[in-house]
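Chemist: Pulled from Swiss-Prot, these are the listed features:
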- 172-176: motif 'HxxHH motif' (MOTIF)
- 304-307: motif 'Di-lysine motif' (MOTIF)
- 1-63: topological domain 'Lumenal' (TOPO_DOM)
- 85-100: topological domain 'Cytoplasmic' (TOPO_DOM)
- 122-141: topological domain 'Lumenal' (TOPO_DOM)
- 164-174: topological domain 'Cytoplasmic' (TOPO_DOM)
- 197-201: topological domain 'Lumenal' (TOPO_DOM)
- 224-234: topological domain 'Cytoplasmic' (TOPO_DOM)
- 256-271: topological domain 'Lumenal' (TOPO_DOM)
- 293-310: topological domain 'Cytoplasmic' (TOPO_DOM)
- 64-84: transmembrane segment (TRANSMEM)
- 101-121: transmembrane segment (TRANSMEM)
- 142-163: transmembrane segment (TRANSMEM)
- 175-196: transmembrane segment (TRANSMEM)
- 202-223: transmembrane segment (TRANSMEM)
- 235-255: transmembrane segment (TRANSMEM)
- 272-292: transmembrane segment (TRANSMEM)
Amino acid sequence: MVSDWKNFCLEKASRFRPTIDRPFFNIYLWDYFNRAVGWATAGRFQPKDFEFTVGKQPLSEPRPVLLFIAMYYVVIFGGRSLVKSCKPLKLRFISQVHNLMLTSVSFLWLILMVEQMLPIVYRHGLYFAVCNVESWTQPMETLYYLNYMTKFVEFADTVLMVLKHRKLTFLHTYHHGATALLCYNQLVGYTAVTWVPVTLNLAVHVLMYWYYFLSASGIRVWWKAWVTRLQIVQFMLDLIVVYYVLYQKIVAAYFKNACTPQCEDCLGSMTAIAAGAAILTSYLFLFISFYIEVYKRGSASGKKKINKNN
């Protein structure tokens, strides 16, 4: 009897054993996501039928994208001047909802992308996954667009900071605007390497927005510095891969005779890849500078104050 029950349980459990094609409990999440979104939008948006076309979807043309980003800067810097005379708002509940929503959405985009890219990387290798046209699939294009739209929702981070009278740093404001532009640039440039910085960024954002949610809930978190460290590591990994793809692109275009054993024209426009590399490089330097300023010099000055008091 016990043996039969054990075999029954093992048989049921085996149905949820992860595979390369279905890494999350042997469930193809993309199908469930497609059905859920189709139901929620009453069939108006079906992820499986989506195709990114410049001028067809919201914020798919350069002019409205640049206008939206410009409006973001006008609102936050103009708003900061307007609210100076007002009392800072706490907005605790709104901050909790905002951050919990973004950590959840980031996690959803992340697992859906991992589900799509894991079989490609496993069967064809990393080089294929960052260069070949077949790694730019319809589900990934849909997820890239949804992730891109999320970047405009993240602008609310800064609006909440302004209403709370929090200090705005150059890193924060530059990063938000540049990331929206970066995601758009990679979408229109059809760069196969896009999934690398996007998935790494989503993984960090899951932790980052969870940290913000806990902070908004009044919970003190000891691992705040680790979020910045992870962001720095993320940009380092991004740049290793992106600069390699840019190198391959340049060699394939101008120095065919100097090709490495693996050398092909990686999918994506040269301009999009170069612009992406430039923006990610600026992020790396800015985040390292921020980390030194806040966690290294800040802790050193704190120790000096303690010594003076003693």
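Any Cβ shown, glycine's included, is placed from N, Cα and C.
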Chemist: Have the transmembrane segment (64-84) and the transmembrane segment (202-223) got at least three CB pairs under 8 Å, pairs 6 or more apart in sequence?
Modeler: no
Chemist: State, in range form, which of 101-121, 175-196, 235-255, 272-292 has the highest count of Cβ pairs under 8 Å to the transmembrane segment (202-223).
Modeler: 101-121
Chemist: So what's the average pLDDT for the motif 'Di-lysine motif' (304-307)?
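Modeler: The answer is 36, the mean pLDDT of the model over that range.
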Chemist: Would you kindly check 101-121, 175-196, 235-255 and say which stretch has the most C-beta pairs under 8 angstroms to the transmembrane segment (272-292)?
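Modeler: Top-ranked stretch among 101-121, 175-196, 235-255: 175-196.
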Chemist: Go through the chain and flag residues at least 6 beyond the ends of the topological domain 'Cytoplasmic' (224-234) whose CB is under 8 A from any CB in it; none is fine as an answer.
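Modeler: Same-chain contacts beyond the ends: 197, 200-201, 203-204, 207-208, 211, 284, 287-288, 290-291, 294-295.
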Chemist: For the topological domain 'Lumenal' (197-201), could you work out the same-chain residues 6 or more beyond its ends whose Cβ comes under 8 Å from its Cβ atoms?
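Modeler: Residues packing against the topological domain 'Lumenal' (197-201) from afar: 110, 113-114, 117, 144, 147, 183, 186, 234, 237-238, 241-242, 276, 280.
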